[in-house]
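A quick write-up on the structure given underneath.
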Amino acid sequence: MADASAGGLYQCLTDISRADTSGDYQKALTSANKLIRKYPKETFAFKCKLVAQIQLSQYADALELIRKTPAHQMGHVGFEKAYIHYRQDELDEAIKELNTCDKDDVKALELKAQVFYKQENYQQAYDIYLYLLKNHSDDSDELRRANFLAVQARLEAQGVKQAVAETEDSYSQLYNRACVEIEAEKLPQALESLEKALKTCRKSFEDEDREEDEIEEELDSIRVQKAYVLQRMGQKAEALAIYEKVQAANHPDSSVKATITNNIPAASSDFALPESRKRFKAALQIDQTKLTRRQRLTLMLNNALVLLLSNQREPCKRALEELVAKFGSSKDVALIEATLHFKMGDAEAALKVLAGSDLEQSLARLHVLLNAGRLPEAVGAIRDLPISGKLGASSLLTSTLIAADSRDEAVKELVAASTAKNQTPEALKSILEDLVEVEQQRGNETAATKHLEKLVEKFPEDLQLQCRLVGAYSKTDPKKAESLSAKLFPETMEVDVNVDELEDSDWILYGEKYRQKKEAKSPQTAEIAATRKLKIATKRKRKIRLPKNYNSAVTPDPERWLPRQERSTYKRKRKNREREIGRGTQGSSSANPNVEYVTASPNSPRPLPGPVAEGPRQQRPNFQKQKKKKNASKF
């Protein structure tokens, strides 16, 4: 054995072992290079160098080392090559390399399960983890169990029901269990699991003497998931507070950043579109390899939606094209694209995009037809809806038929709806009232009266309906109208009402508020009223004052109340006699004997064109303005 101080084999191996224990892989790489130079035939040295390069993320150098090193010196490196491809997001190449490994190699099986999970082949990942949990047990059982729960959460999201065992101990397992419960719509249970995960995470990290920053970073991931659950449960204010707190902490995890950016606009009722555009633009520049396919798709969809709401039409169009290129078309993409076309005034293009047969696209297509005024096509679209038998669809169809001036068809639809089974009383009342209105619009008072009779029969306590029936009878059968009116409003009613008190009450004229104010101003109890002396209200009689020159023998002038200028005995001054010419009622002429009317001579000049008449107006005398007196100078 060579001397240790001279950098012999023993010293190099010791340095590699220490570096691996301390996590100093740069030192391990240096020791491996030294070992290869001194002992080029040592197979173990090449493997150590390869592992050190992988740990230092020197993937290109690691692949170059595998390519240059002969297979008999390097040994089998299928797992290492697969891991490099996995970290470089070359998942298909990773699967090829893993297929060359031993079928019972636990490391290769776990890596294959992770690759399947990233490829979203969740059922294959589920089978591998289930096999490992049943047939292998080592120090990685806790991590294996957490990964298994993560796969179960994804399967639950795809609609594959999962049974979760109550064996979670670590915070990772509790967190992933909560994810399964979220996908199963068990939100209260998920919230409880996340609360346990927060406590367990802090305790386990404190037991390991981790720094507070590291603990908070891990807790923030759980808090964001908790905020999502609160948001789904309708507690948006609490969820928004958590999102903003985590966002202020500047979390380094790309998945957490993307989740916060995506969820804040949905949780906030008054979010600003310009600010949201900036956040989505920043979120799309995050390392996309660390996000799941579902997260990337949701992020790009919401980005396109925010651009659409901001009226950024060209950027929205480009965002949709990029989305379709990466993930293909979908129902949500079609809805956003159709809305964009409709906003740009191209209803035909919007209808071409909405070619799907699902309910959402059918309703969107109907919305476009109605807004474009294509009522006959809209009627056909309503009838093709899978929910055409529902009350809302029937009401919309009737309104559309009436707007299209097809009242006969509208009546048929309403009659069919009124005879349908399992109708609630409120729905039946609404349908019959619509029938009455349509029949009255058609001028068919007899049919309207029949429908009103049905309404009164179904709802005999509704006085308003009975009054409407009286009005209908007055047009078709006056005798029935009189009979029903006498029944509803008899001449003598045995009601305990004090008519005199009602007539003397002011609150009937001025409303209930006047009554309440009057009672509040003078609260009197029965005891005080009984002991107090009642004052008899006496009218104050004012003494009659007569004019000084009053003569009782002379009859008073009947025009004494008229203004002086309007009395028959009034004589105008000469200069004011011509003022009243042309005055009086609109359209009438006044004949004043003092005015001479002279016809214009044929040779008289043509008058200049006057202003255009603006219609009749109330005329007023033009009084001369009084001249302002000059102010005397002050000393």
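For all residues, glycine too, the Cβ spot is worked out from N, Cα and C.
The model shown is predicted, which means the values in this text are computed figures rather than measured ones.
The annotation compositional bias 'Basic and acidic residues' is assigned in Swiss-Prot to 557-569. The compositional bias 'Basic residues' annotation in Swiss-Prot covers 625-635. For 539-635, the entry in Swiss-Prot reads region 'Disordered'. Marked as repeat 'TPR 1' by Swiss-Prot: 7-42. If you look up Swiss-Prot, you'll see 75-105 marked as repeat 'TPR 2'. Positions annotated as repeat 'TPR 3' by Swiss-Prot: 106-139. Under the heading repeat 'TPR 4', Swiss-Prot lists 171-204. Look at Swiss-Prot and you will find 220-253 tagged as repeat 'TPR 5'. Among the features that Swiss-Prot reports, repeat 'TPR 6' is placed at 255-290. Under the heading repeat 'TPR 7', Swiss-Prot lists 436-469.
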Model confidence over the repeat 'TPR 2' (75-105), averaged pLDDT: 90
Same-chain residues near the repeat 'TPR 1' (7-42), Cβ under 8 Å, at least 6 residues beyond its ends: 1, 48-49, 51-53, 55-56, 73
Long-range environment of the repeat 'TPR 7' (436-469) - Cβ separation under 8 angstroms, sequence gap at least 6: 398, 402, 407, 410-411, 414, 425, 428-429, 475-477, 484, 488
Same-chain residues at least 6 beyond the ends of the repeat 'TPR 4' (171-204) whose Cβ lies under 8 Å from its Cβ atoms: 142-143, 145-147, 149-150, 152-154, 156-157, 161-162, 164, 215, 218-219, 221-223, 225-226, 228-230, 232-233
DSSP-assigned states of the repeat 'TPR 1' (7-42) in counts, ordered helix, strand, coil: 28 helix, 0 strand, 8 coil
